[in-house]
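A short write-up of the structure that comes next.
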Amino acid sequence: MASESETLNPSARIMTFYPTMEEFRNFSRYIAYIESQGAHRAGLAKVVPPKEWKPRTSYDDIDDLVIPAPIQQLVTGQSGLFTQYNIQKKAMTVREFRKIANSDKYCTPRYSEFEELERKYWKNLTFNPPIYGADVNGTLYEQHVDEWNIGRLKTILDLVEKESGITIEGVNTPYLYFGMWKTSFAWHTEDMDLYSINYLHFGEPKSWYSVPPEHGKRLERLAKGFFPGSAQSCEAFLRHKMTLISPLMLKKYGIPFDKVTQEAGEFMITFPYGYHAGFNHGFNCAESTNFATRRWIEYGKQAVLCSCRKDMVKISMDVFVRRFQPERYKLWKAGKDSMVIDHTLPTPEAAEFLKDSGGLTPRAGSEECPEEDVEAADQGEEGDVKRSLAKHRIGTKRHRVCLEIPQEVSQSELFPKEELSSGQYEMTECPATLAPVRPTHSSVRQVEDSLPFPDYSDPTEVKFEELKNVKLEEEDEEDEPEAAALDLSVNPASVGGRLVFSGSKKKSSSSLGSTSSQDSVSSDSETAESVSCQGQEKTGVLTVHSYARGDGKAATGEPSVKKKRSAPRSISEQELAEVADEYMLSLEENKKTKGRRQPLSKLPRHHPLVLQECGSDDETSEQLTPEEEAEETEAWAKPLSQLWQNRPPNFEAEKEFNEIMAQQAPHCAVCMIFQTYHQVEFGAFSQSCGDASEPAAQTQRTKPLIPEMCFTTTGCSTDINLSTPYLEEDGTSMLVSCKKCSVRVHASCYGVPPAKASEEWMCSRCSANALEEDCCLCSLRGGALQRANDDRWVHVSCAVAILEARFVNIAERSPVDVSKIPLPRFKLKCVFCKKRRKRNAGCCVQCSHGRCPTAFHVSCAQAAGVMMQPDDWPFVVFITCFRHKIPNLERAKGALLSITAGQKVISKHKNGRFYQCEVVRLTTETFYEVNFDDGSFSDNLYPEDIVSQDCLQLGPPAEGEVVQVRWTDGQVYGAKFVASHPIQMYQVEFEDGSQLVVKRDDVYTLDEELPKRVKSRLSVASDMRFNEIFTEKEVKQEKKRQRVINSRYREDYIEPALYRAIME
């Protein structure tokens, strides 16, 4: 049958069906029929019902229907990759929603054809967030309508409610969706990879995009490549319905897809593991729910579910396997039932249509139909009282709502003053006020996807066609080149508002004399040369700043360096202007050439890295002062005392450091930048250099912590190489050690081909015998280095964390182009080493939280334990400084201090505020954890909540034992016992004498850092018992200053006493 099914719809096109009224009557049978025609291969199909069929006579009476939780969809991103945040709004009626949707601010723009509207959608996705009336529980079908009634489809999914009495809102009950222009549903498959049905009752059309199930893994790999941070947090992060990827990006990476427009009165059917997304053209109303066939059972057994939220939809497959796959039930329970899903095969119910290869005819035989399996579930539907929904524990299919709006999203983003007019839709640049949620680390401005929308008329070509010119075009920005980042008064749109300078601004008219006039300059030529170089450094930069502002000429003011004997001549303004012009020209050329393969260019003479080298001759012997020596005793800095670049080179110290780091998981010098994050998040690694884990010799392969995107992202380019060089199928990579300096790296992180991975392998620096070369982007030695511009060297980890650094040869991870790093980034001072060095050196990164100015070198931050983790595109690394460390994260990882009776603590009072209180008594209570039959869970049950046995007398049930649980709604539900958890409880007493029993998570010691939510509700008294309210000393205030009447109005002045008498 496989070969037969492959001939059906081989191009995986979205198919449209027009059933007759007779064919339309049996829903499950018609679904089986369209699968026999190959409709399921596209992942999406359209069904146009007979003209005589209507689910509702009129929709004029629904204006008072309440939309309880509308969501405003705030979209951030660029270049075809977006993240959608749902912000819940107050309830409104359909009448109010329609009025908003049809207003000038939210209405559909004018368009002549669908392709034009589609282009406007993707270009203006981040502007003017629309409101979506999603997830409204209910149906608009009239009661007498039996055909394709979304409220009672009578498929095998109804067994969930029949067997367990469980209803899951939006899954086996219908949901209504009220849309407006630009409201979107992000890329996702259905919960548990079920089927879904969507009927558009009335209003404007809805556009759909679909990826065939057989190519779903490719879409997941693409999404994980662009959003590695989300992928690490949750394997099934696309189920969050927050990721929007444009069809242009799909075509660019060769992922097959198709698109279709759903008109009012039409059905859309999605199939298991069919990724789909789309948007509404204007005000409309749709109704949808999920259903299942026998083919789905295998998908449900293998579905990868969201792991970051326990209340996500999960359906127990036990009843389905037991009923429809009895021969495999025991194997499945033992975890040995493994089967590869063939996405091309239709559902078993389609066998009758494949036998005769004819059309859909009335069924003559008595062949079993899914309807009959669940017929009993519908009997007595009206007479029986339905079991109430346990709202606290049953997952519902709802859009993921942001509980807290990201702090970087301003109010102006949520409620822009005015929408783009029709003439502004061709804008290619996002306004400065509409920045992404996370501020950009790059000096390159965020640019909207301005590419012409391609024609996808033939999806078969989409599979193989590779776009050759998919790159952000910036022809319109020639008047404003990238060198604007050199201006000291950098605007936030250019640098993301994140490059903060500790020094004051220097005037562009400063002369060389004012910057380098040193009366005590010695007469030897070496010293004089260093003075000239210092003068060149400051004046060079200032002159370029003048050009960046568009002055058109260099700053005025004659050089006034006092020449001493053999001192070289000073640099003229004309030469500096030539340097600036040369640098500006190179920037423009670099922007227009292909990013990944362009050769390394030499750095301009005025570049900070060149100037640092020029002025470093007199600082190579820089010694630490006694005060600075004392600082080296800090815990994180002590092992690095011999590795600072301002100390004499010490190759043996580097080698010893590399050997120590090789012993620590993940045993790779490059992956170490994410070590702190994995320590805190997963508790996987040792805490200090001294705690060596397994010997390096025994560890030949480990899984790299750095996603491939970190090596390929360059700020604004979406050119990601999806291939991961030198990685095994299980995701691990070989570890290799340099025989000379002992640095240990993954072959994939350092770009070591398997042929070269041997005991004789040497790193690039040792191969070039450049043992005294240091990283030009930081201030520490040791680690894995690669060659950069002008024969300089950089740490691979520094190049990964600095967004603007670029790996020219991605596979070999070298050379590294640092010419695109904005000059203001070199002005930042590292908070860790600024006291250890007499001069500023290297290039810093900054904390990613808001506009936090905290800056540090990558290597310093890694050594000090700053948390760095993979971020989502267009960023690379998300950095959390010590000021923004989340207290809850530390508390959750076992860092809680012990508490004793009589200790003063802070806890939550019954009035909802936090007060200081005293621990009176410590007790231990036992809570039970169970998994309910519907897939939900509870971990805070009391023993008396188990009604199937007396747990107070007999103790907890055995693990895995089936139990009956009485829930808070009074109903009894089936569940399986997981474990019992003895929890330490604390009885605390407040100042007003009231006492509460709380868990450790709800108690804060006086030494702990309080979360913001606690600080904002912290008070010093309980129930009006204020400290010293009657004994507080009276505050003496100065008498009011006597008012002096203006002489011009003295005659008009009336004494207050006289005024009151007149008024009386």
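Just so it is clear, glycine is given a Cβ too, placed from its N, Cα and C backbone atoms.
Binding of Fe cation is annotated in Swiss-Prot for His188, Glu190; the matching candidate from His40, His276, His281, His343 at the same site is His276. Listed by sequence, the residues of this chain that lie at least six past the ends of the domain 'JmjN' (14-56) yet keep a Cβ under 8 A from its Cβ atoms are 5, 8, 140-142, 145-149, 153-155, 195, 199, 201, 208, 210-214, 216, 258-260, 262, 265-276, 291, 293, 295, 343-344, 346-347, 349-350, 352-354, 360, 362-363, 369-371. Within the chain, the zinc finger (772-805) has long-range Cβ neighbours (under 8 A, six or more residues past its boundaries) at 440-444, 600-603, 609-610, 612, 640, 643-646, 649-651, 653-654, 657-658, 661, 669-670, 672-673, 706, 710-711, 713-715, 743, 745, 749-750, 763-765, 813-822, 825, 830, 833, 836-837, 841-843, 845, 857-860, 862-863, 868, 875-877, 879. Across the range of the domain 'Tudor 2' (955-1011), the DSSP-based residue counts are 3 helix, 31 strand, 23 coil.
Taken together, the residues in the zinc finger (828-885) have a mean pLDDT of 86 on the 0 to 100 scale.
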